[in-house]
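The block underneath contains the structure these notes are about, expressed in structure tokens.
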Amino acid sequence: MENWINVNNASEDIVLSSRIRLARNLKGIPFPNKLTVDSAKDVVEKVENAIFTIPDLKDNLKSNHLWENDNETNKMYLEKHLISRGLIKHAKGSAFLIDNDETISIMINEEDHLRLQTITSGLNFKEVFKSINELDDLLEENLEYAFHEKLGYITACPTNLGTGLRASAMVHLPALTANKDIVKILNGITQLGMTIRGLYGEGSKAYGNLYQISNQITLGRAEEQIITSLEGIVKQIIQQERLARERMKTKYKYEVEDKIFRSLGVLKSARILTAREVLNLLSNVRLGVEEGIISNIDKSILNNLLINTQSASIKKSSQKKLTDIEEKIERAKIVKEGLKGIEL
């Protein structure tokens, strides 16, 4: 699979990435929130020992213990969508493993003992599901999962019971956000057992017009059914976004183009930038790239700036403590360097 951050596929507009997570627990062991720190570390060791005996995994996965990392390192992995807020919350006894391409992540002791994750670029649930299914099968041969004949996989949260599968697509919806139709969509898909959240999932806001669309219910539905249903809804939203963009360009052609190029100019010239400013300005430029208004910027550049200008990533790359203003100055420098050589 391709790392979504570094991909530059002209056909992949609107949908930045597809992700699937599986929640799994080990038989006979209390859920992570009931474990002592020492017991949680025992679970980490148990899982790692099992993984590193699997030939197909041991040479391609690197382990990270959150209790050995500084807080900024852990937050940096969150910003790259490789781990969750829940994992950081349990940092004293949690860990994760990632592959060399950063498309596979295995979180240990989040809400459940295991959260398996695969992520790739574009709307590509078929490939993502194939990858995570193979990973799950390999682990289940070496670890005994908590499973109930009627309920399916046992999870800490009842909404994950059954398949334990959560699929999500990260989508860029500037037109639907601008015309307020995103509110209608949110209300509509909630009734279909789906949800829309911000860039970093539950509890986060949709800065930069970036949303995560995911399923809410896993019990009583097959994996393929969940994925097919979600993919169908995402495709409908894509179509609505495209129609909204066409109407916007027809009615406000020069205003749209002005906003796009003005945003690019600010990104290239600003000396101080907040994280929210960058997300919103990048959204305008991304719209220009996706609509062919700007032709000399790769989407991979925008994706990397999206990640590298987040707070923890800046602090980690600078390798020193930064004041609020220093962070904003550093962010502007990163953006300027990322867009170096690109003409207005």
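The backbone N, Cα and C atoms fix where each Cβ goes, glycine too.
So that you can see what the record holds, here are the features copied from Swiss-Prot:
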- 14-244: domain 'Phosphagen kinase C-terminal' (DOMAIN)
- 17-21, H81, R115, 166-170, 197-202: ATP binding site (BINDING)
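In this structure, R197 is the one among the binding-site residues R115, R197 with the smallest number of other Cβ atoms inside 10 Å of its Cβ. Take the CB of I20 (ATP binding site) and look out to 10 A: across all protein chains shown you find 26 other CB atoms. Within 10 Å of the C-beta of S17 (ATP binding site) there are 25 other C-beta atoms, taking all protein chains into account.
Other Cβ atoms within 10 Å of the Cβ of S168 (ATP binding site), summed over all protein chains shown, number 25. The average per-residue pLDDT of the prediction over the domain 'Phosphagen kinase C-terminal' (14-244) is 93, rounded to a whole number.
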